[in-house]
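Enquirer: So that we are looking at the same thing, I have put the structure below in structure tokens.
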Amino acid sequence: MNWITNYVRPRINSIFSRREVPENLWQKCSECGTMLFHRELSDNLNVCTNCDHHMAITPRARFDALFDGGIFTEVDVPEPIADPLKFRDQKRYPDRMKAAQKKTGEGEAMLVAEGEMGRTPIVTAAQDFSFMGGSMSMYVGNAIIAAAERAVRLNRPLVLFSAAGGARMQEGILGLMQMPRTTIAVQMLKQANLPYIVVLTHPTTGGVTASYAMLGDVHIAEPNALIGFAGARVIEQTIREKLPEGFQRAEYLLDHGILDRVTKRTDLRKELITIIRMLMDLPPQIVGDLPPPEAMDEPTAEAGNETSAAAETEAAAT
Ligand SMILES: [Zn+2]
């Protein structure tokens, strides 16, 4: 019996449990190693339920959680010229683009949307790190300009979620030129007196940090996000000094005055609503479930009776 209980059964169990639990249903936290069930993880906005490690989240998943009822309208972004430099490294640039589009299901590295968040109208743009490292391309520049123009037209604040390794090298100088272009887009918001809020997510580096990600009226970062211009190794080699612990991490930057807040992803929505409503001079958010407007316009039979009953009591009172 020992041989069966000690050897055979564990073998069988391991084979079956492997089959019952396909890899994609569970994700391992890269920080603490806990296995997290996919639904639990997505409900918690890709934040580890054990150690609070913030994993990457796609712009679409973020918007689903951010907007009321997950309802938002995408803002059109003008398409730039494809592959103007005919760039080729190990792969052609158009092939890299196609691979990234297939992997992410998105057309490019930035998603722009408008909608309401806690009944607060906003325009928002989010960068997708899983799309070629969220690199700043001509399209990303166009997206930020489209977002800023839309915000000005609708008189709404712009909330931008940054995540990037820098400018897209396949577009060379044309990628780098998005730094001044996006700076002008931010300037448009300031001239229109509209708040521009940047949420810096892991990682925000390179030309993105050197332009639109650092021009916000309010800078919020997600915990432990890497935020910087040049990499720590490059800086260390240049200044020939050991860098302090936590260098270029959100908490360190908060201590040194570069950020205004470090906020957990799960608290972000509430905090953004509060900040925006204060800056836009709106009354505080109404918390609680209000009946949807349709329910009031077309009362059901039961609701109709109630209203007529209420009207009768009112009539009797007068
Ligand atoms: Zn964890």
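We number each residue from 1, going along the chain as drawn.
Here the Cβ of each residue, glycine as well, is placed from N, Cα and C on the backbone.
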Enquirer: Check each of the ranges 19-48, 289-318 against TrEMBL and return the one annotated as region 'Disordered'.
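Expert: Among 19-48, 289-318, the range TrEMBL annotates as region 'Disordered' is 289-318.
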Enquirer: Could you pull the average pLDDT for the domain 'CoA carboxyltransferase N-terminal' (25-294)?
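Expert: That stretch averages a pLDDT of 95.
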Enquirer: Rank the binding-site residues Cys29, Cys48, Cys51 by how many other Cβ atoms lie within 10 Å of each Cβ and give me the one with the fewest.
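Expert: It is Cys51 that, of the binding-site residues Cys29, Cys48, Cys51, has the fewest other Cβ atoms within 10 Å.
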Enquirer: Near Cys32 (Zn(2+) binding site), which residues of its chain come within a Cβ-Cβ distance under 8 Å, counting only those 6 or more away in sequence?
Expert: Cys48, Asn50, Cys51, His53
